[in-house]
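As structure tokens, the structure follows; a few thoughts come after it.
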Amino acid sequence: MLAVFGHLNPDTDAISAAMVYARLLTRQGTEAQAYRLGEPNFETAYVLRELGLEAPPLLTELPAGSKVALVDHNESAQSLPALGELDVTRVVDHHKLGDLTTINPPYLRFEPVGCTGTILLKLHREAGLSVEPQDAKLMLSAILSDTLHFRSPTTTQDDRDAVAFLAPVAGVNDVEAYALAMFAAKSDLGNTPAETLLRMDYKVFPFGDPVQPQNWGIGVIETTNPAYVFGRQQELLAAMDQVKAEDTLSGMLLSVVDILNETNRTLVLGATEAKVLREAFGAEAEGQVADLGNRISRKKQIVPTLEKYFAPEA
């Protein structure tokens, strides 16, 4: 049985892609099972409730040599521990190629689109297989989530075309209303502990020297209610300090993205982070908050800028 899973701290695309791809592979004759590497966030939980589905089983480890398929990620820091000991047979992703190494030649499908769901729709078409309504809604939800309903600069025409095709198959007549309902669920943070908020959409990235990299943790909270998040600023800064120590990081950032206004204000933990934001982005931290303007995409606008900043001198 092939294990299919997305990244740690899974978002809607990571969980939806695992579920859809596992079913697609099974329909094509490869027995596959979807898994998750963490708890679904509030938005993903809403999508699953809408569909009457349970989240995939939680996966914490696999025996060395187990065959796996990765979706929505390919970097070891964002995946199952000891990924290098597993037989990665397939990767379907829309991120840059990271440090992935494999035991055997894998099937790779990378495309510069806004969401793995967009690629999975293409795989259905290429296989000559119909898209089931349940899978259509999972892919639709993932694309709306990853692209912030086309607000993100990662959005491509392929993503727009995919949504136009998937919405009627999924039975979603008003895409805007459905997207807003998803974002409202994502923003309903209630009394969630600060560290949980921080880790909901949190990834570790190695920058600089590949032999001795600087590992930075970059969290994102996408919300329609940023005032609530900043009302808990001191709690979040304390959680950032704790996570920075726990994960042995060189730096820690938390971007609070206002979905509707398409702005990013980032919490700045200390002097190290303030210096990097000033020199890399030209953003000054005031009251431990830096205004990063319309840089709302970690993948396309934050991480590449930091990679360039930390790049070793030739």
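In case you wondered, yes, glycine gets a Cβ from its N, Cα and C as well.
Residues or ranges marked as Mn(2+) 1 binding site by Swiss-Prot: His7, Asp11, Asp72. Under 8 Å, Cβ to Cβ, and six or more positions away along its own chain, His7 (Mn(2+) 1 binding site) finds Ala14, Leu37, Asp72, His73, Gln78, Ser79, Lys203.
Look at Swiss-Prot and you will find Asp13, Asp72, His94, Asp146 tagged as Mn(2+) 2 binding site. Long-range Cβ neighbours of His94 (Mn(2+) 2 binding site) (same chain, at least 6 residues apart, Cβ-Cβ under 8 Å): Asp72, Phe110, Glu111, Pro112, Val113, Gly114, Cys115, Thr116, Thr118, Ile119, Thr154.
Taking every protein chain shown into account, Asp11, Asp72 are the binding-site residues, and of these the Cβ with the most other Cβ atoms within 10 Å belongs to Asp72. Excluding His7, Asp11, Asp72, which define the Mn(2+) 1 site, the same chain contributes Gly6, Asn9, Pro10, Asp13, Ala14, Ile15, Ala17, Val71, His73, Gln78, Thr116 within 8 Å (Cβ to the Cβ centroid), listed in sequence order. Under 8 Å, Cβ to Cβ, and six or more positions away along its own chain, Asp146 (Mn(2+) 2 binding site) finds Asp11, Thr12, Asp13, Gly114, Cys115, Thr116, Gly117, Ser152, Thr154. Secondary structure at His7 (Mn(2+) 1 binding site), as computed by DSSP, is strand.
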